[in-house]
Every structure is written in C-alpha cells, then in structure tokens.
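The feature transmembrane segment is assigned by TrEMBL to B:46-76, B:88-111, B:117-141, B:162-180, B:211-233, B:245-278, B:290-307.
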Amino acid sequence: MHGNSDNILSAIRVEKGFPGTKALDKVDFHLRRGEVHALLGENGAGKSTLIKCLTGAYRRDGGSILLDGAEVDPRDTFDAQRLGIGTVYQEVNLLPNLTVAENLFLGRQPCRFGMTDTRTMNRKARELLAEYELDLDVTRDLASYSVAIQQVVAIARAVDLSGKVLILDEPTASLDAHEVAMLFRIVRRLKARGLGIIFITHFLEQVYEISDRITVLRNGQLVGTRETAELDRRELIAMMIGRELAAEIQSRHTPADEGRLRYRFRNYGRRGRIDPFDLDVRAGEVVGIAGLLGSGRTETAEVLFGAYRADSGTAEIDGRAVELSSPRAAIRQKFGFCPEDRKTAGIVGDLSVRENIVLALQARRGWTRPISRAEQNRLADHYIRALDIRTADREKPIKLLSGGNQQKAILARWLATEPEFLILDEPTRGIDVGAHAEIVRLIESLREKGMSLIVISSEIEELVAYSTRVVVLRDRAHVAELSGDRITAHEIVEAIAAATQGRAS
Amino acid sequence: MKQKYLPLTATILIFVLSYALCVGQYPNMLSTRVIGNLLTDNAFLGIAAVGMTFVILSGGIDLSVGAVIAFAGVFLAVVLEQGGVHPLVAFAMVLAITTAFGALMGAIIHYLEMPAFIVTLAGMFLARGMAFVLSIDSIPIKHPFYATLKGLYYKLPGGGRITLIGGVMLLVFAFGILVAHRTRFGTNVYALGGGTATAKLMGVPVASTTVGIYALSGLLAGLAGIVFSLYTSAGYSLAAVGVELDAITAVVIGGTLLTGGSGFVAGTLVGILIQGLIQTYITFDGTLSSWWTKILIGLLLFAFILLQKGIIRISRGDRQHV
C-alpha cells in the first residue's frame, strides 16, 4: 500500500500521453489532510494535466488515484466533485448572470412541490457565505461583485459540494494584495477544517506564504516533493527549471551611452493619455519603464507606436523627422509592439502558430504580395527553434499552447518583421519562471544585436536585470530616469515611492 | 433597483406611455374590447414567443417557428377535413409531432455541436416543405367542434371578451413564468445562456436541457399552430411566414438579451402587447399604411438593442468590492 492514512488524496504512477508528447510520466503525488500543497512547474510541466487527471477532466492512461485510501476513478469533473474533489479555476467558473444563491446551489436547489424554494435557498446561501466572512445580497447577480468575491463564492460552492480536497488553480492571478490576503485567510480556515488543498500559482512569494509542502513537476515528470520551510527559493527555482535562473538574472550593465543615438522624442505626448515627455533611445539599449498600474506605462507605449496619435512634440529617427500617425506608419519605420493582454490584443487563437508568426510581416508587405508557403514554413520553423516555442508542430492552433509559449510566438511575430525598435508591454506577465528566464535572455540577446527596446514591466527585479536605463512614471508623466549603477531595485522603488508621495501632497 | 430589471421596466414604461398616448388621441382605445382583441389577435404569436424566450435565454435561436405553425395548420386541416378525426385527437397528434420535431433539432444542436441558427433554418425549410407536401391549397376547416371552441369566451365588464385562444395565451405565459423562474429546468436555461462550458462544469445537464428547450419551443409552436388554425379556421402552407422574426422581436423588445442569459418571460408578453398596440393604433387611425407598424417596431427594436448595450457597459463599471 502506498502512502499512509494521513494522505487524503494520492496519485500513484499516473500517466497521460498526447499525440507526440508524454504529458505525465508515472507521477506520484500525495496530499495530506489539512495541508496546503503547492504544485509548481514551468509552462507545459504537466501541472494542469495532473489536475485534470485528478478531477476526471482527462482520462489517465495509467496509474491509480486513491481518495481516503480507496481507489477512485472520476469519470468527469462532476463525478470528482461528488467523490469530494472540488476545483476553483483562475477564470471564475461560475455563471455571472445567475444570482449568488443560484450559483451556490445550481443543480441542488431546495424544492417544494416541484418548484424551487427560493427563500430557503437564499437563506442557506447567506448561512454558507457567513462561514467565509461574506455578507452579500445573495439575490444579486454574481456579475455585480468583484472577481475576488466571485472567487470566494466559487470556493464556497466547491467546498460545500465536495468537502475533502480543494484544488485552487491560479486563484490569485487577477487579485490585488488586499484580496489575496482575504483569500489566504479563507484557505487557512479551510485547512484547519482538515481539507487537503492543492495550490497552483506562479507567484513564489505566495507559495512561501501559504504552503506547507511543495511538489515540483518538470516535463511531465516528478522532480520532488519537499517541505516548504526547508526549501530555499534558489533551490526551488533550480528544481523548476533545471538550470540556475539566479545566474541568468544577474546581468551586467552595459554603459548607457555606448550605442549610437537613434530615436529622439521631444515633448512627445497626447492630452488625456500621457503628458509630454522627452525620450532618447540608442541602438543596443533597453529602456525599462517602471511605475504603478495606471501611471501611464501602456499609454507611453501606445503613443510611441502611433496607436494613439501624439498631439504634441516631434519624433526623429537618425536625425530625420518622422510622423508616427498610426501603427502602420510606425511599422513602416520598423517599429514593433507586443501588447500587454495577449489574449485580446495579441494572439489569434484559432490560427496556427505559423499563421500567428507571419501575421505582422504579411501585414507590412500588404496582401497583394503574399508570403509563399515555403517562406512561411521557414520563418515559423526558424522562430520555433530560435525561441524554443514548445509546440507539437507549427500548424497547431496557438490557443492550445501554454501562456509562455504564446508569448514567445507573439515575440516571434514581431521579430519576423525584423524591427529596429521593439516595444514590449509586460512580456512576462502570466507566464512562469522558466519561460520568464528565457524571455529575459531573449531581450538581452536582441539588445546585443543592436536593437533598441522599450520594456514595460511591473517586476522590478526583472527591469533591473535587463535595462540599461529605467524611466519612472507617475500620474501619466515621466518623472525620473535612472541609469548605470543607480539601476537597482531599491532605487526604482524609491523613485516610485517618492513620486507617489509627491502625488499625495 | 437591480440592473436586470431595467430593460423590463423600460418595456413596461414604453407600453404604458404609448397606450396613454393612444388613448389621448382615441379615447375608445381604453375599452376592454380593444384589450380583448389585442389578446385574441396576438395569441398565436404570444404562445410561440414564450417558446422563443426560452430558446433565446439559453443563447440559441429557433427559426422554424413560423413554418411549424403553418405545418400544424395544414396538418389539422387535412386530418380534420379528409381524415375525419376528432379535433382533440388531431391536436394531440400535432403537439406530439412538433414536440418531437423540436426535440430532434435540439438533439442535433447538442450532439453534433451545430449552431442553432443553421439547424433551425433547416428545420424551417423542412416544416414548410412538409406543409406543402400535405397541401398547397388553403383548406377551410368546417368542423363543428371548431365553432364550439370559437364560441367560448369570458366576458369582461365593458363588453370585451377574453376568447379561448386569448386565455390559452395568458395561461401559457403563466406557465412559462413559473417554469423559467421557479424550476431547476428554468435555472438551467439561464445557466446555458450564461455560458455552456461553465454550465457544464457546474453540473448542468446540458444535453437534456438543450433538447428540452427546443422540444418546448416545438410544443409551443405546435400549440400556436392550433391556436392559429382556430383563429383563421383554415390551414394554408404559406401562412405565418416570418412569425419567428416577430416572436424574436417581441422577446428582444421584452428585454431579453439576444445573447442569452438575461431576461424575463413576462417581458415577452409586454413585447407582444406593444407590437399589437401599434397595429391597433394604425387600425384606429385608418389612414396610415400598415407598413408603419414595421417601421415603428424596427425603430423600437433598434432602441432596445442600444439600451441593452448601454446597460452592459454600465454594469461593467459597477462591481461591488469587499
């Protein structure tokens, strides 16, 4: 018998294959009663596949699953829920158009004479949510509440339905710090009630804050399960990516004035979006843009790219005045822009990896000069190899790729146009440590090839790693510029903080 | 007030206002006769629109309704006049056929993962075609039982009558309201409209609900066909062309979101009454072309689409935090 009676859920030598890949290779996973167990790994490591096997969303090819010591074989997520395994996903899987109470009791509404007993249902819903410190009007539509509240409602439903194991798949991705604290209070309380909780996230701080043990997967295989308290962050990252990211992150700063001055923006801005700013960018330079959310980071990028036409100031390239009136005009000047929200503004989900990669290049050439299929294949294969995009083949619809690989495909799209000035807005958001390191490395290598880059990021450590200069924004204005030795996390935080204080006064 | 009641409130307001305007111009329009006729004249459309409300709430569409009504009418005429069957038996046959027809379309939509639009479009041609196969002529129905049924009414004070078919429509609406808001099936319909994938994850029986929705729409289209045949005392395969579009219009004017998941069966009744009211006004006026009905309804529909867009936009910026 594997495992001991402390384990509420055990996966033993679970296997799952997809055409061309082995997504899970004899993975063991044990969840104890009353613990928070973090499940970590790179994109495509097999976390989601393991979860889907546990919840019956996928049928496993081999291995067994023990719940409370008895072998179970959930046919689908509904079946898993009935057995006691509940799941809450990042995208809240509830119905926004139903009331809170209906969401909690859908499929098991209290009935009298064949009619739903709404009053009893609402009372039960209020009682249930009271255990989660929530006092809501349960007759309102779920959509009228914030994502954090919806998330708690989803947890309340999952726990109420299943009650043994709770799987939280990236529950904090769209929450702010205050909301995360609220969620963690609830998780701790559920843990005290003896639930086993599986927690998936890419925020390592949260892993250390909430979890008791950590299991790391890599390329579909189990790397190991460790006590969180005995595993330091560096070692954890090494387990996750199999190489020392820490070394990668320690970058040397090239002096900022090394390259030739190429791009010169003077008094550039647009009323209502970003105050006029001056910006010089040299060849072979990465200008990092730091600031709080809403400080004008994305607006800066959009004005530079012509997505919103500047209404003041001038732009010069190599001393020659240019008009960046639209993205098309900017692309003609060899500009490229990877927007922040890749789902809505970046990828075209149903098109293949190849089609997504050639999209921008084709747009620049115009539809009358199609890129031959052979050329498209060559380009796609080149970038799939060069950027290590993990896909079974180039014709796979891009929506089937993991977040990090989608991000790399979008980068490839712009690299295919051979830009000289590339703007990246949050290139590492929502992707995990391994893909993260690769994108940081990619930014470095592009810079070394002499490209000029503007990179917007909320991750200050990351900006420190690759920027040759950092511009700090506040209240839709550029307020500070750091270069050379002054680019440290401490200095950037100070600059943002000083700026924020300035705003308060 | 909760936002989801906003479109319904707007519909009711528009109805009350326009009725007041009509009465201002033609005081006779306040009589119970007008109200009774409003119910009788729109009975078949109202019954079909209840089924359409469920379909649209679930995020689907049913284009076969008008053709099914025509088919039911021709079927009844042929069976009664040439087959010598008692009308009650014929009614049961019609309802069984149209319910099965709707269930079949629902099953195709669910199991073959086909868009409702195309499946019910095929259903529309099929039903209309079957009507033509039965007969291309307009067949009058002279069965004495029809006369009996048409003679049944409830007399309102003031001389108005709620006829049998008007009453059936009101009953169907009451039934629809109960099913939509007070049964698990009703909640499941709303759940499908909120998102099929999520509804499935939450354990909604998607297959049986989808089949049930289109079966219900088929059943009510069949009932509308019976009511239409009582109303016209005839069966004609070219009848009721475009009724499905009128039904969709009533549903949308009634405040139901065309994308599904939000709306009320009661709203559809008001939507029907607004359409009927415009028609009645034009009859009273006597000089206006009946096309003005279409123009006004078109404008109204457009206004409602704008209203719904506006509400969706407002509700996005109005979330409550802890």
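Including glycine, each Cβ sits where the backbone N, Cα and C put it.
The transmembrane segment (B:88-111) is not in contact with the transmembrane segment (B:290-307), judged by fewer than 3 CB-CB distances under 8 Å for residue pairs 6 or more apart in sequence. Remote same-chain residues near the transmembrane segment (B:117-141) are listed as 61-64, 66-68, 70-71, 73-78, 80-81, 101, 105, 108-109, 214, 229, 233-237, 239, 244 (criterion: CB distance under 8 Å, separation of at least six residues from the stretch ends). Beyond its flanks by at least six residues, the transmembrane segment (B:245-278) meets 4, 6-8, 10-12, 14-15, 18-19, 22, 38, 41-42, 45-46, 48-54, 56-61, 65-66, 173, 176-177, 180-181, 190, 192-195, 292-293, 296-297, 300-301, 304-305, 308 of its own chain at Cβ-Cβ distances under 8 Å. Only residues 6 or more beyond the boundaries of the transmembrane segment (B:211-233), in the same chain, are considered here, and those with a CB under 8 A from a CB of the stretch are 40-41, 43-45, 47-48, 50-52, 54-55, 58, 60, 62, 64-65, 68-73, 75-77, 91, 94-95, 97-103, 105-107, 109-110, 116, 120, 140-142, 146, 149-150, 164-165, 168-169, 172, 185, 189, 192, 239-240, 243.
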